[in-house]
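Engineer: As annotated in Swiss-Prot:
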- 79, 104, 127, 174, 175, 200: S-adenosyl-L-methionine binding site (BINDING)
């Protein structure tokens, strides 16, 4: 099960690269609000190095760039933009004097843009040991990526911290083991700094008890912070079969389990898992209210979207939540 969950990281990377290749990303919001520079170049560089290290993984990413349907590219667009905008709001609110803790980071590359823009920002990525070791290999073989995160070929490596830079750390940890994770965070982060935690398609893969312990202990560790969480929800209506079909397909074709998909199957139930009041939107709501008409018109020129109703169904079963304490 661990390995199949780890492989979902390359699904996410493939989706981002497909959206970049087709022109969905970077969006106007990422450029104008987040101030992202070199977004496409960073991702292309990462994939070029990945190609040298693993042609199998690179081929998987490249295949998605030509085969993903428009509805999937729309989904990648709103997922990426919504998380980026909320993350930037928090970091910018403290003038960059904050820290980001990305739990279940995978191949996410936001740190490359944010660390370059905010010289006082600290950024911590956490994921399975196998995942972060590959990420370290890719980062360390690129002079440009190393420059952006402030690392070098002499950056130290420890058993639990595979990349130890002045403002960026890449940690190996199992999110199901809350005690060990807290020890990692105590060692490598500052509990007094304003902290924003990211879980992007992470909580849905954890057993209920592990997910709730993670939320409780991490919120309790940092004196003040915000949590940005993106996940699928099963759907709360009796006639809604989206979640059950999704579970069945993932179980049959990917050997993946989503333990809490049908338990926290609505916005209300999902937000209730967090101790503080939360703002939560489905991705369809976000698309309708937060994406400008200019951006929507641009999206329509990229690929022909045959079924808007299909897009609405898909985006209505994913949420972004933001909570603060």
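Yeah, the Cβs are placed from backbone N, Cα and C, and that goes for glycine too.
Model, not experiment: these values are computed from the prediction.
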Engineer: Please identify, from the binding-site residues 127, 174, 200, the residue with the sparsest Cβ neighbourhood, meaning fewest other Cβ atoms within 10 angstroms.
Structural biologist: 174
Engineer: Measure from the Cβ of residue 104 (S-adenosyl-L-methionine binding site) and count the other Cβ atoms within 10 Å, all protein chains considered.
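Structural biologist: Other Cβ atoms found within 10 Å: 25.
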